[in-house]
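Written below as structure tokens is the structure these notes are about.
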Number of protein chains: 4
Amino acid sequence: MSSTFGTLFRVTTFGESHCPGVGAVVDGCPPRLALTAEDIQRQLDRRRPGQSAMTTDRQEGDRVAILSGVENGHTLGTPIALLVPNRDQRPGDYAEMAAVPRPSHADFTYQTKYGIRAASGGGRSSARETIGRVAAGAIAEKILAERFGIQVVAWVSAVGEVVADGVDMAAIDRQTVDGTPVRCPDPAAAPAMTAAIQAARDDQDSLGGMVSCVCRNVPAGLGEPVFDKLEALLAHAMLSIPATKGFEIGSGFAGTRLRGSLHNDPFVQKGDRLGTLSNHSGGIQGGISNGEAIHFRVAFKPPATIGRAQTTADFAGRQVALAAKGRHDPCVVPRAVPIVEAMAALVLLDAVLRQAARCMGRLQP
Amino acid sequence: MSSTFGTLFRVTTFGESHCPGVGAVVDGCPPRLALTAEDIQRQLDRRRPGQSAMTTDRQEGDRVAILSGVENGHTLGTPIALLVPNRDQRPGDYAEMAAVPRPSHADFTYQTKYGIRAASGGGRSSARETIGRVAAGAIAEKILAERFGIQVVAWVSAVGEVVADGVDMAAIDRQTVDGTPVRCPDPAAAPAMTAAIQAARDDQDSLGGMVSCVCRNVPAGLGEPVFDKLEALLAHAMLSIPATKGFEIGSGFAGTRLRGSLHNDPFVQKGDRLGTLSNHSGGIQGGISNGEAIHFRVAFKPPATIGRAQTTADFAGRQVALAAKGRHDPCVVPRAVPIVEAMAALVLLDAVLRQAARCMGRLQP
Amino acid sequence: MSSTFGTLFRVTTFGESHCPGVGAVVDGCPPRLALTAEDIQRQLDRRRPGQSAMTTDRQEGDRVAILSGVENGHTLGTPIALLVPNRDQRPGDYAEMAAVPRPSHADFTYQTKYGIRAASGGGRSSARETIGRVAAGAIAEKILAERFGIQVVAWVSAVGEVVADGVDMAAIDRQTVDGTPVRCPDPAAAPAMTAAIQAARDDQDSLGGMVSCVCRNVPAGLGEPVFDKLEALLAHAMLSIPATKGFEIGSGFAGTRLRGSLHNDPFVQKGDRLGTLSNHSGGIQGGISNGEAIHFRVAFKPPATIGRAQTTADFAGRQVALAAKGRHDPCVVPRAVPIVEAMAALVLLDAVLRQAARCMGRLQP
Amino acid sequence: MSSTFGTLFRVTTFGESHCPGVGAVVDGCPPRLALTAEDIQRQLDRRRPGQSAMTTDRQEGDRVAILSGVENGHTLGTPIALLVPNRDQRPGDYAEMAAVPRPSHADFTYQTKYGIRAASGGGRSSARETIGRVAAGAIAEKILAERFGIQVVAWVSAVGEVVADGVDMAAIDRQTVDGTPVRCPDPAAAPAMTAAIQAARDDQDSLGGMVSCVCRNVPAGLGEPVFDKLEALLAHAMLSIPATKGFEIGSGFAGTRLRGSLHNDPFVQKGDRLGTLSNHSGGIQGGISNGEAIHFRVAFKPPATIGRAQTTADFAGRQVALAAKGRHDPCVVPRAVPIVEAMAALVLLDAVLRQAARCMGRLQP
């Protein structure tokens, strides 16, 4: 179990789906930052299910409490403990699934790895675990924004077969993203995505999709080659989000089909800095940010828990038919948007601190 | 600069392209393993350039020396230092590129991040850095094979537009892979790939591609949720390889288009264990290996250094034309095969050790 | 701020003296361990102030809640979050000391390092921070006891000038230690210690002392040379406890005066293992446990906060007289006993897990 | 095996006593530092045996080579690999000790932990392992000196019963320390120490001792509470040196006998900063440097390998008489002086980088 992420700005999350609470401890947060629970709550609300017909209507209404590390509205530089109580601490809906590992879920692997697993819900593999990430990420992105003007914006770029390619990465903001329930700012694609999700729901089925993310105003020089290249850290962060199956940066998999003469990003003077004309690199060269916008995409599989009956085996190997009860998200990507943003912010702030260490610029905050 | 990878089986690489040598220190290697330089040399030879017309003909002929940690052909459990001397320690070929950052190369970002950079060659961003990875990975895969029967096999699955889809992941081995210079075991695709690389070379251009990898006989239970899920560690490892732009596991990006009812992998009894009928999960569920084959793909961009003239800017922002001299790989994916294998082995062995710790099975080796 | 301790069994503590709560997250705890809040509470109660006239009479009455990681009385292998609410969340007693950094306290250094500090109490330097350590240590020692029969017992071996040298390390247990309020099992020394503390209290002054600790039944082979030698980890752990000034293991500082022929511990067969006749080594040779009892001592300075007036300077450099109000421990060593035990247990369990990893004995818990 | 020390300035050492070479990889070294092999050689020469009649006369004559990370006399910010070849790669002197674990040496524990050990010499527990530390420390102290004016000076403060208490910590420098072969700058104690060592040598015996160290001009604000308090890191570093048994900082163990009113260090304005009148704290309060001189002492046991016959047991438990052949240091403390300095410098520079990260002062070197 590795529940800590980051080298200097370190986040440790805790909590199963039905224990007393979930949360995180953020260690290494710089001191003297203005911070309130409301700064964190904003992103938690975007992560919450039940925001629209797109997602499950369990009303979680999670409220975060800051337990430590903040006094009189400012960070002390000490660990910030964040807690969100679980309301449904012992529901029965999942009980009859105990003997049958849900296909493509974590029931089987948790049982194998630990020899025990949470009696109900998904335990640590539950989406509720991401609450701690989003809360911690909200702190990171506040520092990034206030100190460096960095903007991190994610959106839904695909739902099933529906792909959004009419999004302007230079202009997009969170308000625009939240303009549709499906969090896709492409006006042509959004209604089609909504329809696709509704159709899957009507079929008691689920749908995968993609989340894209852009990070603007990132200073050049972030990333720690050779093993902690910035894209390697982003890939690690994104593939640690539940239900993810892929990560690509800049030109990504499509770029493998290009020749170097087309793929290379020529340098050109941009104001007082050297920039690039194109950005197939996705803002990172040699594992280090180059000052251009960082952009990447994350693949999410269709949720494993579906209402449709599936033929599978129980833990004893006997063939059974399994149909999930209760309500489940037919598509997680709209809710994954703030999670992707959070993980990106955690990576960037940690990279900022590591580069600042190297530069030994100042020893007093 | 983070040059260490792994939690318990830890690899630290060192060396630039033109310093006295490159290598690695492997810390945490279990004791009493039979190990000789030849075990390591084998994979180094596969990584070496100049193996065919497919790759650059610089004859590196790198020979690894074991400096410590091994005595009388067995590991002591102490750090294993590995050194490969550089032959060309100060060539002049790159000199005139010093004032011009090569497009999509690491010249600009290294200079910005460190305020200094290696005077010639790519410094740490050079492909020579991967020698240390391959050497360390060879040790890891020997342990994995001898102790658990784990097999790690990678191959070239795409070069430019040419995609190999006739590869049997259950049967493929390294001998088959090495059957063609392009390291693609698909008899239809391999000649087309070779032709594509030759064409790019004739045009003084370069080509991207993909490397696929399968890990068989991996025991269930590996991976450390929530942040060190096995796929997250693999993604981190792969995106730390030079020139990579993407990672996908199992169904990957294509899986985002499926519905859950098609994507889920139903359980079924397989001999004495519970297995899955399909393997869209790629051998990992909830971040933990499930006993099925782990398979993933890595995207490599076309090499940035090309002989064709490119219009770009020098460090002062002045427009210049740049054409690389010397010989350069038009396509790196054949040589990337052992690097992908090495990084996969490093991830798997580290995960084995972490899981063994949890189980507290034995305190004497 | 580094609030995490350990490599595989990792403890992250949080909380200031007057925020909503203090606690810890324990990550990497092996699964399937029987665990209840009561297992933890026992050591917390021993740490609590107000147990006798020896210590401050603030009635903290701290009760620990397990927030996650335990279900139906067993650990899940997931992070265990532990919370102890603070009762006095914003007292005023310390307010007038805000402008004057208390001599030999952390007020000045926290202000300098962070540019801000907790408005009252000692913030993270407060003794309340150790609650998280003791809670986590209680989990570690339960595993050590149940799995390996390891016993960790600490006691007060000096208070000021009074030194206890009539303690039998082979026989001592916690019940004996708790037989006197001063936690010294030497019947001659204990009353003298009590008297010395009372005298210091009457003088509105404070007293230092020493805590000794023995760890019995520790298997040979623990410790990770060269930098994580077992004694190095113990020294790190002990010197991270507030108010400590020294650590010595085995013969310690006195051993520097011996010749090798007297200091060396000759080997001798002991039942089915090789043991040593003497134990100047303190149970560790070459950084690795040798199967003999591990024993060490920790020096605690007199508490910095005293009621007597002291001439010092305020933050502006002006000379002032400072006398602490409220009640303060005249001597912390009796309460430090469970803290030393906790830190020792954390070191030992982490070392057990690291050695188990090396041995790759089992991959299923 | 943990052969890496440090969080941001990370040192990994490698090498046994009789393998091809010993050395270190320094990762995280800031770029653009002027550095030559001679900067490193100076401290290696001080560590070398055979400098006087005080120490073993094996002429090691170790010369360090910089393999990577430095170009044209300046650091690149990339890993610096350092190698010192072993001359005596397979001597036979130790051979007959193979069946008999040397008392208080690491033979038994290495064999138990790893199930194998170096066939001759002390393997990783050999003093030769410290070569890598001293080499890395020399780099660290150069940065500390050039950038912050920090001075690290250690000296021999006790040999056996002879204690040096006439040393002025504010004035002492390395030249003065090296003024006597025993590296004790107390003119009264030095000759007595020399005589004591000679007497032990004549008796084919060995002697312990103490090394003291002062670090001047350390800026306030270093150290990472709560677990990486500066004294905890120093204790960890010092107890990782072979043959150490204790560490104390400031008033240390003697301070436990004082009352708080005497022990506290009152604040007073010193030029433009707040300082303290006394320095019982040893320059650290609450785990953070306060701007005063840091001073501490390290206890070294008498070397385990002695020429005198000892009655002990072989690995089979049979009683045997063992007398070491060859020449051995009767007292290691004079040679330990540069090792203590090296480890102190590693701790301080790492603490500087961690504090600089927090302050986010600059992102360009």
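Each Cβ is built from the backbone N, Cα and C atoms, and glycine gets one as well.
Take the FMN site that TrEMBL assigns to C:R124, C:S125, C:S126, C:G286, C:K301, C:P302, C:P303, C:A304, C:T305: the candidate from C:R87, C:R257, C:R259, C:R327 listed for it is C:R327.
A separation of roughly 19 Å, to the nearest angstrom, links the Cα atoms of C:T305 (FMN binding site) and C:R47 (NADP(+) binding site). Ranking the binding-site residues C:R47, C:R124 by other CB atoms within 10 A of the CB puts C:R47 at the bottom. Taking Cβ-Cβ distances under 8 Å and a sequence separation of 6 or more, the neighbours of C:P303 (FMN binding site) in its chain are C:S206, C:A243, C:H328, C:D329, C:P330, C:C331, C:V332. Proximity to chain A (Cβ-Cβ under 8 A) holds for C:R124 out of the binding-site residues C:R47, C:R124, C:S126, C:K301, C:P303, C:T305. Taking a C-beta cut-off of under 8 angstroms and a sequence separation of 6 or more, C:K301 (FMN binding site) has the following same-chain neighbours: C:S104, C:G208, C:A243, C:T244, C:K245. Here the CA atom of C:S126 (FMN binding site) lies 13 Å from the CA atom of C:R47 (NADP(+) binding site).
In the three-state DSSP classification, C:S126 (FMN binding site) falls within coil.
With the fewest other Cβ atoms inside 10 Å of its Cβ, the least crowded of the binding-site residues C:S126, C:T305 in this structure is C:S126. The record assigns C:R124, C:S125, C:S126, C:G286, C:K301, C:P302, C:P303, C:A304, C:T305, C:R327 to the FMN binding site, and the maximum Cα to Cα distance across that set is 45 Å. Mapped onto three states, the DSSP output places C:K301 (FMN binding site) in coil. Using a Cβ-Cβ cut-off of under 8 Å to chain D, the binding-site residues C:R124, C:S126, C:K301, C:P303 reduce to C:R124, C:K301, C:P303.
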